[in-house]
Amino acid sequence: MTRLDLRAGAAPAPAFVSAAARYGVIERPDLAFTPAIARETAHLYEKVKDFIPAFEWAAYAPYVHAINRLKKERNAVILAHNYQTPDIFHCVADIVGDSLQLARDATKVDAEIIVQCGVHFMAETSKLLNPEKTVLIPDAKAGCSLSESITGADVRLLKERYPGVPVVTYVNTSADVKAETDICCTSSNVLAVVESLESDTVLCIPDEYLAMNVARQTNKKILTWKGHCEVHERFTAAELLAYKEANPGIEIIGHPECHPDVIEVCDFSGSTSGMINYVKDKRPQRVLLVTECSMASNIQAEVQGVDFVKPCNLCPHMKRITLPKILDSLLNMTEEVLVDPAIADRARLAVERMVNLKQ
């Protein structure tokens with residue numbers, strides 16, 4: 001039911017029209033594995049053959065083929081985070097990267113439709129930066145433990161407790177939280193963001209470990225929140241030291257969402273893109289990536305001769321995004337990502353300040 005504003009001179013709010021109604025629904029294609037599909041996807045299989053056995057490719061290829069055709073038909077672009085599985089990352093994604101890269105690239109997209117292969121806050125960020133575009137996420141239940149650790153109301157209480165202290169919010173948060181924020185950050189630019197502020201004290205939320213790690217690199221006083229990434233908080237310094245002892249010469253590369261004790265053991269720490277660039281530049285013989293499991297597979301497909309040693313931890317939220325769900329998203333124009341207009345402008349400003357920050 002459309003609610004009318006009966007105040008003098010007020011026009012009724014326009015009725016919402018779903019993406020499915022705007023673009024129409026397309027009938028599901030035949031997903032049989034044919035010789036033609038095998039030929040047309042052969043160059044893509046070359047990228048993932050070390051992770052997907054040939055007999056299993058018959059189940060993947062029809063989806064890959066259908067998605068890549070539908071992208072053109074829909075004038076859509078697929079943005080995929082570095083934690084997506086190799087079949088998505090290498091076979092259907094148009095743009096890949098960490099949260100900062102995806103946020104920046106989202107502002108340069110010409111396509112009418114963005115399909116975000118990642119978790120919900122990433123899709124929200126793309127919508128904030130592209131309010132006129134249609135943004136879809138294949139599974140709206142793809143959440144994030146960090147995003148769920150804090151609300152906009154929590155930030156307002158923090159601002160009351162620490163009046164005048166600027167708030168730097170990790171991009172792994174909802175639009176509601178971003179709207180209460182001075183500027184956003186990612187794991188790749190958090191230090192630059194903190195240093196860009198004139199205040200000697202900064203609220204860096206909600207990732208406690210990220211804040212603790214940046215506090216070691218700045219003279220500013222860092223206040224934080226007790227949010228944690230469920231993937232990275234499970235790693236311990238003791239297990240990494242044990243791996244180092246058992247594997248002499250191995251290089252350990254960690255994500256700054258890990259506890260500072262873990263980062264102390266690492267030979268390098270950085271965002272997911274920072275990790276990728278480190279491996280490409282240094283070409284270490286053996287590497288232990290202290291992050292989500294798909295990272296090693298995605299790097300290994302591009303960098304030959306590097307032996308990636310476990311352990312790793314799976315992100316159950318990232319793994320909710322699959323080829324069948326991406327196909328359904330493009331066929332049915334679901335699930336559309338919307339941001340409450342009451343908070344969108346303020347949330348967008350915090351993200352744009354981050355994107356436009358010169359580093």
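Note that Cβ sites are derived from N, Cα and C of the backbone, with glycine treated the same way.
Bear in mind that the values here come from a model prediction, so they are computed numbers and not experimental data.
Site annotation (Swiss-Prot): iminosuccinate is bound by H81, S99, Y170, V171, N172, S187, H255, P256, E257, and the candidate from T151, T236, T272 recorded at this site is T272. The secondary structure of N172 (iminosuccinate binding site), as reduced to three states from DSSP, is coil rather than helix or strand. Across the structure, N172 (iminosuccinate binding site) and C144 ([4Fe-4S] cluster binding site) are spaced 7 Å apart at their Cα atoms.
The secondary structure of H255 (iminosuccinate binding site), as reduced to three states from DSSP, is coil rather than helix or strand. Within 10 Å (C-alpha to C-alpha) of C315 ([4Fe-4S] cluster binding site) lies none of the binding-site residues H81, H255, E257. Compared over the binding-site residues C144, C229, C315, the count of CB atoms lying within 10 A of a residue's CB peaks at C229. Same-chain residues that are not part of C144, C229, C315 yet have a Cβ within 8 Å of the Cβ center of the [4Fe-4S] cluster site turn out to be V119, S145, L146, N172, E230, V231, H232, E292, H317, M318.
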